[in-house]
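Each remark here refers to the structure printed beneath this line.
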Amino acid sequence: MRDRFLTLARRARDAVGGIDLVVMLSILAVVGGAWGFLEIADEVSEGDTVKLDERILMALRSPDDPSDPIGGPVVEELVRDLTAMGGVAIIGLVTASTVGFLLMDRKYHAAALVLAATVGGQLVSSTLKGLYDRPRPSVVPHLMHASQASFPSGHSLLAAVTYLTLGALLARLVERPALKLYIVAVAASITALVGLSRIYLGVHYPTDVLAGWCAGMAWAILCWEAARWLQRRGMVEASIEA
């Protein structure tokens, strides 16, 4: 038994040794994101998350008036501004600005990949919404207009795709690890705030947001790893190498 274990361990070591560390971590992240999404989707489909979802939404409202969010008008206005960062208008503007910069820098293939990642993310979001067709929360009044199905959160998914991709691009422009970490942390923070804003405004259940983060992260990393693979083969400019 011990010899068999050692043999398997050596084989695993040799197999992993032939894989780039970044590639291995990317695969784990994509698989983890996809697994997380499917687990949440399964729980949602079976109705196991309803009580927890509704309890969290109610905790963010006044006990006497569900239409009154905690924090008052000032916080509500700030949250509305934050949620716009995951909307089509802002995401489109950020994507167009990034693509424009890459085109001006003659990184045509890189620009195409950034555009494909964002547009693809929108298609993934629309497809998943149509597949699960979960109604919007009704336990609290919505604090802003919301259309389409609730699961997963499109704002959360697109924020993850756009800001994590942009963060990876910017992180390549600096050398200090601390600066790289700072850029990625800012991108992740924006993604988190967008998702949390959707819960606060009552237009999404918490599980919608979690699923959106999982799917968006998986899609963003999948696109990024595809870009690295193409770059190593000279098909994409080095400016987007991770």
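Just so you know, glycine gets a Cβ as well, placed from its N, Cα and C.
Predicted automatically and left uncurated, TrEMBL annotations should be read as such.
Keep in mind the model is a prediction, meaning the values are calculated, not measured.
Taken together, the residues in the domain 'Phosphatidic acid phosphatase type 2/haloperoxidase' (111-224) have a mean pLDDT of 91 on the 0 to 100 scale. As annotated by TrEMBL, domain 'Phosphatidic acid phosphatase type 2/haloperoxidase' applies to 111-224.
Taken from TrEMBL, the feature transmembrane segment applies to 21-38 (among others).
Remote same-chain residues near the transmembrane segment (82-103) are listed as 110-111, 114-115, 118, 122, 144, 154-156, 158-159, 162-163, 166, 169, 190, 193-195, 197-198, 201, 239 (criterion: CB distance under 8 Å, separation of at least six residues from the stretch ends). According to TrEMBL, the feature transmembrane segment maps to 82-103 (among others).
For the transmembrane segment (110-132), the residues of the chain that approach it from at least six positions outside its boundaries are 41, 44-45, 88, 91, 95, 98-99, 102-103, 148-152, 154, 157-158, 161-162, 165, 169, 212, 215-216, 219-220, 223-224, 226-227, 230, 236-237, 239-240, judged by C-beta separation under 8 angstroms. The transmembrane segment annotation in TrEMBL covers 110-132 (among others).
Per TrEMBL, transmembrane segment is recorded for 152-174 (among others).
Annotation comment: TrEMBL describes 181-203 (among others) as transmembrane segment.
Long-range contacts of the transmembrane segment (209-227) within the same chain, counting only residues at least 6 positions beyond its ends with a Cβ under 8 Å from a Cβ of the stretch, are 23, 26-27, 29-30, 32-34, 36-37, 40-41, 44, 110, 113, 116-117, 120-121, 124-125, 128, 151-161, 164-165, 168, 191-192, 195-196, 198-199, 236, 240, 242. Taken from TrEMBL, the feature transmembrane segment covers 209-227 (among others).
For the domain 'Phosphatidic acid phosphatase type 2/haloperoxidase' (111-224), the DSSP counts in helix, strand and coil order read 83 helix, 0 strand, 31 coil.
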